[in-house]
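Novice: Would you mind keeping the following structure in view while I ask a few things?
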């Protein structure tokens with residue numbers, strides 16, 4: 001039987017683009033692990049993606065996951081849009097390159113053999129784990145230490 005894991009995620013950006021961070025909480029039974037990091041220049045969507053990626057990449061075996069995010073971009077991207085992006089060689093319906101393709105590809109790879117249920121939660125609405133992830137993300141964004149090498153400012 002697969003382990004049942006809960007993951008909660010959030011991303012934050014102080015300015016968009018600007019310094020950003022992500023926060024994630026992973027819970028298995030009574031065990032809990034948190035993840036966060038801050039980047040000097042990035043976007044809120046990239047940080048939302050990173051939160052999910054880092055938590056999923058930390059799983060050491062195939063799991064049944066409920067992943068909660070307040071990002072419609074992440075939830076819709078992974079449950080709806082990604083299938084056509086892949087069919088079109090990572091291009092949008094308008095034949096433009098998919099934004100944040102480096103992270104979408106990394107998230108796609110991180111899904112692995114996991115069975116994942118994507119849940120959307122309303123942000124800043126008192127959801128305890130989402131609020132904690134928001135705090136982790138904002139604290140990381142306030143003290144960025146990393147460069148988001150995949151971030152490509154729009155020209």
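Heads up, the Cβ atoms here are built off N, Cα and C, so glycines get one too.
When I checked Swiss-Prot for this same protein, it listed these features:
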- 10, 134: Mg(2+) 2 binding site (BINDING)
- 10, 48, 70: Mg(2+) 1 binding site (BINDING)
- 1-142: domain 'RNase H type-1' (DOMAIN)
Novice: Counting only other Cβ atoms and using a 10 Å cut-off, which of the binding-site residues 10, 70 scores lowest?
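Specialist: Fewest other Cβ atoms within 10 Å, among the binding-site residues 10, 70, is found for 70.
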Novice: Considering the binding-site residues 48, 134, which residue's Cβ sits among the greatest number of other Cβ atoms within 10 Å?
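Specialist: Checking each of 48, 134, the winner is 48.
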Novice: Sorry to bug you, but what's the C-alpha spacing from residue 70 (Mg(2+) 1 binding site) to residue 10 (Mg(2+) 2 binding site), rounded to the closest Å?
Specialist: 7
Novice: If you run through the domain 'RNase H type-1' (1-142) with DSSP, how many residues end up as helix, strand and coil?
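Specialist: Result for the domain 'RNase H type-1' (1-142), in helix, strand, coil order: 56 helix, 49 strand, 37 coil.
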Novice: Show, in sequence order, which residues other than 10, 48, 70 on the same chain lie with their Cβ within 8 Å of the centre of the Cβ atoms of the Mg(2+) 1 site.
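Specialist: Result: 9, 11, 12, 47, 51, 69, 71, 74, 123, 130, 133, 134, 137.
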